[in-house]
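I have placed the structure first, in the form of structure tokens, so that the comments after it can refer back to it.
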Amino acid sequence: MTPIANSRTRALFGRNFFFNVNSQDQAQLLLALRHYSSSNGEQLDAENVKEPRKSSNKSKTAKSMARLINSKPWSTELESSLFSLSPSISKTTFFQVLRFIASPSKAFDFFNWASRNGFTHDGRSYFMMLEILGRNGNLNIARNFLFSIERRSNGSVKIEDRFCNTLLRSYGNAGLFNEAIKLFSLMKSSGVSPSKFDKIKEILGGAVGGRGFVPDTCTYNTLMNAQCDAGNLDEALKMFKKMKELKVQPDSATYSVLIRNLCQRGDFERAEQLFDELSDEEILLRDDGCTPLVAAYNPIFDFLCKNGKTCKAERVFRQLMKKGTQDPPSYKTLIIGHCKEGTFEAGYKLLHFMLRRDYVPDFETYVLLINGFLQKGEPVLAYRTLERMLKSSYLPKTSVFHSVLSELLKNDFASESASLVVLMIDRKIRQDINLSTHTVRLLFGSELRIKAFQIVELLYDNGYVVEMEELIGFICQNGKLLDAQKMLSFCLEKGHNVDINVCNIVIEALCKMKRPLEAFGLYYKLVEKGNHQQLSCLEGLRTALEAGGRSEEAKFVSKRMPNERQLTDL
């Protein structure tokens, strides 16, 4: 029965194993392979498989069982015969039988039969079975068996370095160096330390050119990563050069490990050269190779963005995005770089991409963009960025709202200014009376009178006011007298005190326009509020009403007009 590797094992043996491993000691495998492949079959940990003490009866039983196994195909009949020879198999008999069996597959069948019949396997028996399978070239079965040990033993036997080392030696003897590297990487990720470490420098010389073996991309990546982790960056660069000489195609992992380590050493010039090569050849967009990790390129992104080369960094970053991999800190690095270089629109596009991918920019990123747009005279983009900031659950200082609104007003963006005032009211942001007044003025000046009245009403309903006299004066100057009359009526309804001189101006102007009824309507509201006594326009209002055939309204005004003495006092 062939053991099946679990899903975790299969995943780790894929092309992406390089990113799952702490690779400081990975090159040690390659070293060991040179030793293993030249050892002429010398067995690792042989002292752990001691020759069993001879016992005449047990030896006879073992030989009889082995003869049966070697002479017949494995079947239930064979199993019955074995059981009759040894209903309860001892350790001595088990190991003797296992050593006498000629076929590795039958040895494996016997191993499984013994466990089904009450024999408890220990580390020694598992190791010996691995030795038999590996030594005879049954490497796939041996590998799967290795990673089934803990399951088979119900956790009583853990995977040890000697188990892995015997399989490594078998891979080396078979010339399967790449498979050995994968096993080594898996061992490291599983917490098994390779030693049923002092030979690093030997392996590459023994592997490259020997037995027709040329390391593939993953092999070189593993070696270079191990050299970099050990502080041997120059050696890693030599391997990179050799890699190209042998026409082995570098992939994203090749460049990321070298670029990252060059940056850590401070050799940004060489790192940038490799970065340019990576970008120009569009290596990240290839279908082969490992899935790139954006975080590996953060050091070079940071360097480029701090030195006025954000566009260069963004080109590679966008290649990474096309591969479906990205990293929030990288977004921030590039956005800040664009802000420093004054290319705020490009920074805003990255912000938009970030949000579309459900990444939330941090507070600093938003504020930098907002301030940058304001400095560049792009208040609409500043406002849109502020909106996105609020949707990301950040609330900037009140001064940020006021700064954005001020710039919108300076550049005559009436609709955006009104929307920001509404947004501020919704978010309970304190209003500035001058900015509020300016907003309403701009709306009237932009023929957005309905929106202007809506904003005024919203402000007053929420406890804010505008400079009403200034606003009405502006409306009158622009000939919008009916709007002025409506605004005054609104103020009076809200109990807001209005300068009587402003009322005089509006009533007189309405009368001259032959709109006496509108003028009378405003006057009537003043009477209701008791604010009509000081009006100096009443004679003109009465005359206009009479001329318009509105005698009842004219009498109403006459009754309330002051006498000559009062007029003199006025």
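The backbone N, Cα and C atoms fix where each Cβ goes, glycine too.
A TrEMBL annotation is a machine prediction, not a hand-curated record.
Record features (TrEMBL):
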- 42-64: region 'Disordered' (REGION)
- 160-194: repeat 'PPR' (REPEAT)
- 216-250: repeat 'PPR' (REPEAT)
- 251-285: repeat 'PPR' (REPEAT)
- 327-361: repeat 'PPR' (REPEAT)
- 362-396: repeat 'PPR' (REPEAT)
- 499-533: repeat 'PPR' (REPEAT)
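Across the repeat 'PPR' (362-396), the DSSP tally of helix, strand and coil residues reads 26 helix, 0 strand, 9 coil. DSSP places the residues of the repeat 'PPR' (216-250) in helix, strand and coil in these numbers: 26 helix, 0 strand, 9 coil. Panel annotation: around the repeat 'PPR' (362-396), residues 331-332, 335-336, 339, 342, 344-345, 347-348, 351, 355, 403-404, 407-408, 410-411, 413, 416, 419-420, 423, 427 of the same chain, lying at least six beyond its termini, place a Cβ under 8 Å from a Cβ of the stretch.
The predicted model assigns the repeat 'PPR' (362-396) a mean pLDDT of 93. Across the repeat 'PPR' (251-285), DSSP assigns 30 helix, 0 strand, 5 coil. Taking H, G and I as helix, E and B as strand and the rest as coil, DSSP gives the repeat 'PPR' (327-361) the counts 27 helix, 0 strand, 8 coil. Residues of the repeat 'PPR' (499-533) grouped by DSSP class, helix first, strand second and coil last, total 27 helix, 0 strand, 8 coil.
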